[in-house]
Amino acid sequence: MKYIFVTGGVVSSLGKGVASASLGALLRARGYKVTAVKIDPYINIDAGTMRPYEHGECFVTASGAETDLDIGNYERFLDLDIPAGSNITTGQVYQEVIRKERAGDYLSQTVQVIPHVTDEIKRRIRAAGESAGAEIVLIEVGGTVGDIESLPFLEAIRQFRFDEGDDNVLYLHLTLVPYLGTSNEFKTKPTQHSVAALRSYGISPDIVMVRSKDKLPAEITRKIAAFTSVRENRVFSSYDVEHVYQVPLALEEQGLGKAVEELLGLEGTHPRLGVWTDAVRTIKHPKQQVTIAIAGKYTAMPDAYLSLMESLTHAGIANDARVNIKWVNAEQLAEAGAGELEGQFADVDGILVPGGFGIRGIEGKVKAAEYARTHGVPYLGICLGMQIAVIEYARHVAGIEDANSAEFDEYAKNKVIDLMPEQLEVAGMGGTMRLGDWPMELRAGTKIAELYGVPQGGTVKERHRHRYEVNPAYVEQLEAAGLTISGVTPGVEGRGAGLVETVEIADHPFFVALQAHPEFKSRPMRPSPPFAGFVKAALEHQQQ
């Protein structure tokens, strides 16, 4: 296997994930088997218990791992399911080292950062590549060079070149070149200092990639090359573009794929990037556009809904449309009257209620679902958004006026949403939900079955992340009131026909909700069926 390590300097949030994923896309387009690893130096075991406002969304893999959002970027850009073990944290590493010490695996040894912690880091990186059957492993080291948390990881990746040989290891360093408008110039000093800091840890970058507002002039590229001792044709400009899916094409135009092949001793191949070119063309020059309202509580931090936004983009590509997002703060909707609701939703073509946890903003989300139902506006509910749809329908159609969820009121009389029985004895928070791929058996003749291309009914898999479910005791009453239970996970103890996975309203233009998170499986060239159908319905609604 060959290894490409991506580090960052100057400031955080430069876009190492997008840069790494874009390079992976270029290598995949050349026919190489590629996988990706994200290293997060925090002490948490995973991203499952972090605040979305601080860390962005928690991306769930097929195996049920709760990971950093960059794993989602890798899956979308590489069009692959990233295997378990590909998000490495300090917490995981130290937990395993301490477990081994207690088990006697290091008997008679003094357990230290070097070699025990660094060896565990290297073992995990190699294992991730082997489990994916990869020829090339991309490893993004989170944080910024100089962070104290990153030191063991930098030492471990330094050792890789000694262990694996020069032709099998490549170091790419991403930095920032700010532009000062007052003096009308790009400033390279931060990049020079960042590369010097990286070298102080024994790592000399083979490639320097520079984030900047605009493409760097040739003289700035030459200056960076001279001061960092990196060849000029190995200094690349990662400048701002209209959409992230332009990044692979922009980097390929500069020769990044070819440079990587040369440095790793790979035979030069011609990339097949036609699908990327077509997708970018549609994104930049769509034939039509729609506006979708997302009624959530993390609207001030769009990264909390990153996969949702990308799924809407993918659905837009499939429908040759630009999808404009209108963020609606669900907390503010809670006290809104009819006039205010009309003001929020009159100009939108669809309403989406995303997943989430906790009571904050819930009544506002219920009002959003009610507006969509009563005004014939296309509605897509995701995870909590499905539970909201059920609560709203129970209250206003099925006559269960005090319907609620046990999550919001554990003493509610009519808990149409309840804690799953399997969760009753669960004590811990981390990694204990119903996670990862689960089968959904779709009923023949339903909208959801049509969307997934199985109109006669069939089983599909989607990813999940939840503790609560539709209470099976209310299914018969809800169905009698006209709510269609269109998909279930069969064979779940105590659930009768099955655990409710999807609901819809038959006489509504498009009212579909899923317990699953289909956004986690959506790809630029393979959009999620519910999202593609939702955007199509929004376009049709727009024409009315």
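Using N, Cα and C of the backbone, Cβ positions are placed for all residues, glycine too.
The active site, nucleophile feature in Swiss-Prot is assigned to Cys383. The feature active site is assigned by Swiss-Prot to His517, Glu519, with sequence analysis given as support. The UTP binding site feature in Swiss-Prot is assigned to Ser12, Lys187, Thr188, Lys189, Pro190, Thr191, Gln192, Lys223. According to Swiss-Prot, the CTP binding site annotation covers Ser12, Asp147, Ile148, Glu149, Lys187, Thr188, Lys189, Pro190, Thr191, Gln192, Lys223. The ATP binding site annotation in Swiss-Prot covers Ser13, Leu14, Gly15, Lys16, Gly17, Val18, Asp70 and rests on sequence analysis. Annotation comment: Swiss-Prot describes Tyr53, Gly356, Leu384, Gly385, Met386, Gln387, Glu407, Arg467 as L-glutamine binding site, evidence class sequence analysis. Per Swiss-Prot, the feature Mg(2+) binding site maps to Asp70, Glu140; the stated evidence is sequence analysis. Look at Swiss-Prot and you will find 291-544 tagged as domain 'Glutamine amidotransferase type-1', backed by sequence analysis. What Swiss-Prot lists as region 'Amidoligase domain' is 1-266, and the listing cites sequence analysis.
Secondary structure at Ser12 (UTP binding site), as computed by DSSP, is coil. For the pair formed by Thr188 (UTP binding site) and Tyr53 (L-glutamine binding site), distance between Cα atoms is given as 32 Å, rounded to the nearest Å. Other than the site residues Ser13, Leu14, Gly15, Lys16, Gly17, Val18, Asp70, same-chain residues with C-beta atoms no more than 8 angstroms from the centre of those residues' C-beta atoms, the ATP site, are Gly8, Ala19, Ser20, Asn73, Glu140, Leu174. Cα separation, Glu140 (Mg(2+) binding site) to Gly15 (ATP binding site), rounded: 11 Å. Fewest other C-beta atoms within 10 angstroms, among the binding-site residues Gly15, Pro190, are seen around Pro190. The recorded positions shown are Ser12, Gly15, Pro190, Thr191, Glu519; of these, the one with its CA atom nearest the CA of Arg467 (L-glutamine binding site) is Glu519. Note on the binding-site residues Gly17, Gly356, Gly385: the fewest other CB atoms within 10 A surround the CB of Gly356. Max Cα-Cα distance over the annotated ATP binders (Ser13, Leu14, Gly15, Lys16, Gly17, Val18, Asp70) is 12 Å. Neighbour density around each Cβ, counted as other Cβ atoms within 10 Å, peaks among the binding-site residues Ser12, Ser13, Thr188, Gln192, Gln387 at Gln387.
Taking a C-beta cut-off of under 8 Å and a sequence gap of six or more, the residue listed as 'active site, nucleophile' has these contacts in its own chain: Pro354, Gly355, Gly356, His464, Arg465, His466, Leu514, Gln515, Ala516, His517.
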